[in-house]
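*Asks:* Encoded as structure tokens, here's the structure I'll be asking about.
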């Protein structure tokens, strides 16, 4: 039963509410990136940050200024006058795999990228750029890398990518292909340098997947989608190759000797078991004699050797 007066109870509740209001609100953890987890053979050394940040804000929805309206008016007049003579120069034809990003007086035209098909371009005020949406590739030149176990090697790769968003590929980056190529070179060096040499040699697929995830996340803001990354070759110094060949040959010889020793051990065990069986059953020994005779007797043999029981000779020697 509560014995406090109603006023004191209300005062206590107000103080508790003020105390809770003074406490700072905990900041929720950032959302986890939507990237697959690399395999166990290659733990992910890269800390992903939030992707998809655009550097350029488009203004296609902003109203044009008075100067822009005047320039557009004179451009339309010039277009109407010269249409009968230069109509075919004002039309561009885009293939099914092409898109055109059109800028009118430096502003992006409403409606986004144009194409495929026929697109009308107003002279003097429109500038356009074609974008190919097909998958293309480029070679990453051999990169000199110092591995985690202090071995200097060279690694090259090939990257397959495509443009997912033509607007971002034109507006957010100056040269999407060159930027992706340079990023692939640095990522290949950074990721490969965090692993041992044997890990790189035995887990090329895992290394390729990890580089692909990092590139795909970094190029998202550029409108580029990295579809596949393949490690082509790992170049090692000739001295290191000879040392590894000698090591592998020694390991193979050791395994061969162990296998031969195990075979001899199994053969000795089998002979001992056979001797125990013949000792307990004399008929088995006689059958073995007959089998030996059948083996050595053929048409080309002129002399025969008959195995003679040792027990009989022993009895004669005793007499």
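Placement of Cβ uses the backbone N, Cα and C atoms for every residue, glycine included.
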*Asks:* Could you tell me which of the ranges 51-72, 73-94, 95-116 is annotated in TrEMBL as transmembrane segment?
*Replies:* 73-94
*Asks:* To which of the residue ranges 216-243, 244-271 does TrEMBL assign the term coiled coil?
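*Replies:* Among 216-243, 244-271, the range TrEMBL annotates as coiled coil is 244-271.
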*Asks:* Six or more residues beyond either end and a Cβ under 8 Å away: which residues meet both conditions relative to the coiled coil (244-271)?
*Replies:* 236
*Asks:* Taking all residues of the coiled coil (244-271) together, what is their mean pLDDT?
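*Replies:* A mean pLDDT of 81 is what the predicted model shows over the coiled coil (244-271).
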